[in-house]
Amino acid sequence: MTQFVGAIDQGTTSSRFIVFDRHGAILAVAQKEHRQIYPRPGWVEHDPLEILANTQEVIGAALARANLTAADLAAVGITNQRETSLLWDRETGRPLCNALVWMDTRTDELVQRYRRDGGQDRFRDRTGLPLATYFSALKLRWILDNVDGARAQAESGRALFGTIDSWLAWNLTGGPDGGVHLTDVTNASRTMLMDLATCRWDDDLLATFGIPRACLPRIVASSDLHGTIRTPPLDGARLAGILGDQQAALVGQACFAPGEAKNTYGTGSFLLMNTGTEPVRSKAGLLTTLAYRFGDEPPRYALEGAIAITGALVQWLRDNLGLFDSAPEIEALARSVPDNGDVYIVPAFSGLYAPYWDDSARGVIAGLTRFSNRGHIARAALEATAYQLCDVVAAMEADSGIRLATLKTDGGMVANELLMQFQADMLGAPVVRPRITETTALGAAYAAGLAVGYWSGTQELRDNWGVDATWRPTMPAELRAHHQRSWKKAIGKSLGWIDRPQAAADDVG
């Protein structure tokens, strides 16, 4: 009897497999981290074969812990780190190079060249996205231009392009022996190659970026029967859901009505608001993106505020500065001081994303005195997450005309109660943590389960959602205003830090 649904959650730092029951409760979970590869400053890579091996390992471990087999699963869904891009040989299954991670900035020179003719928003009307190092099109262009033989193989169709969802789906459904090469609308919308209105690859964009159509995956719905898994230990299970991680969290938080929003605190942070069946064009620095598409229903769209570095700042304090041994320890260190000591951190390690979109911004620690100590640095790091989200919320309210009444949250950092209270204080609005915080994986499970009738519809998914904790604002308005002014001053020190060389004369489009 197929009593459960499985979800592969392939993230920036680790791969997980989670088994959910009909109420969205977790039956079993297994997780394994993969290496972060930094060949040069600004370059970030992952080994696709390591990710694939880890994914298969955690699937087996989770099933074993629950004493289950593939036959016990009604369906399996995939959710993944978005934009991270790779090219692989369809005959051997070997990647042509490491995957270029979403936060990798090596395409900065290409971005500047394309901006010369039409500016940062040159393609925004069609794609919903500004020209930035974040998105997949120029990552693929870089691979085609810099990896030996890549362009010829891509043009012939021997090399296949994909984000991580495509890579996993292709391998799970057979790989070189008939694996399906596809991606869902949410992941496709992050490539800068898809027309938002049609949900199809756009020939003009392909020509402009120099991308051969032969290497691209087929674009499919987020919730549908995509294929049968043909590799152990899920051999025979149905692959029926694919969602980019932030869209998956939107689904997992049951944000199915226009105006409903969630924020995920992870390596970066991502605020998404459902805008319904029509895309809303941002005038305040947000992204217009796909929210999801269930079967033959019209696609749903979202506004997104993407923040590159939040949880990654905590990792940096741990790994590069050695302020603590494990990430959760930052809360105790931050609580060792009563306030931030007027220290502010702008973690622009990969430039600044929404609403600034400045690839030349760099990280800043401002306000240091001899009084400043480790506790102040830790507290400022947590507060930086809240300040960045407030910037995005202000932009989203300006675009949507909707005042955020309550913030639904998820992701690893929601366990940090000091951060959650400070977030409520800075927003001036309640912050809510749901009972089930693994909403990214849950969203992928929901998409898969809906496709096979395991759940009857979105109302049943709404009924699964419930509140675990709520934080309400208590900060005096004068202190909030002081923090806002100081944060804006620190942002000003970060913007435009890199002096750009004169762009090359050759025209790329």
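Yeah, the Cβs are placed from backbone N, Cα and C, and that goes for glycine too.
It should be emphasised that the depicted structure is a prediction, and the values quoted were computed from it without experimental measurement.
Reduced to three states, the DSSP call for R16 (ADP binding site) is strand. Summarising the annotation, Swiss-Prot assigns ADP binding site to T12, R16, T267, G311, G412, N416 and lists sequence analysis as the type of evidence.
The feature sn-glycerol 3-phosphate binding site is assigned by Swiss-Prot to T12, R82, E83, Y134, D245. Sequence-distant contacts of E83 (sn-glycerol 3-phosphate binding site), defined as residues of its own chain at least six apart whose C-beta falls under 8 angstroms from its C-beta, comprise W102, Y134, F135, S136, K139, T163, R190, T191. Taken residue by residue with DSSP, E83 (sn-glycerol 3-phosphate binding site) is part of neither helix nor strand, so it is coil.
Under a cutoff of 8 A between CB atoms, and with a sequence separation of 6+ in the same chain, the neighbours of T12 (ADP binding site) are Q81, T84, V101, W102, M103, G266, T267. As annotated by Swiss-Prot, ATP binding site applies to T12, T13, S14, T267, G311, Q315, G412.
Feature annotation from Swiss-Prot assigns glycerol binding site to R82, E83, Y134, D245, Q246; the stated evidence is sequence analysis. Sequence-distant neighbours of Q246 (glycerol binding site) (same chain, six or more apart, CB under 8 Å from its CB) are R82, T264, F270, L272, E304, T440, listed in sequence order.
For the recorded site, G412 (ADP binding site), the DSSP three-state label reads helix. Neighbour counts were taken as the number of other C-beta atoms within 10 angstroms of each residue's C-beta; across the binding-site residues T13, S14, the minimum falls on S14. Classification of G311 (ADP binding site) by DSSP places it within a helix. With a cut-off of 8 Å between CB atoms and residues at least 6 apart in sequence, the same chain places T13, T267, A327 near Q315 (ATP binding site), listed in sequence order. Compute the center of the Cβ atoms of R82, E83, Y134, D245, Q246, which mark the site for glycerol; besides them, the chain residues with Cβ within 8 Å of that center are Q81, T84, W102, R190, G244, F270, A306. Taking the Cα atom of each, R16 (ADP binding site) and D245 (sn-glycerol 3-phosphate binding site) are about 12 angstrom apart.
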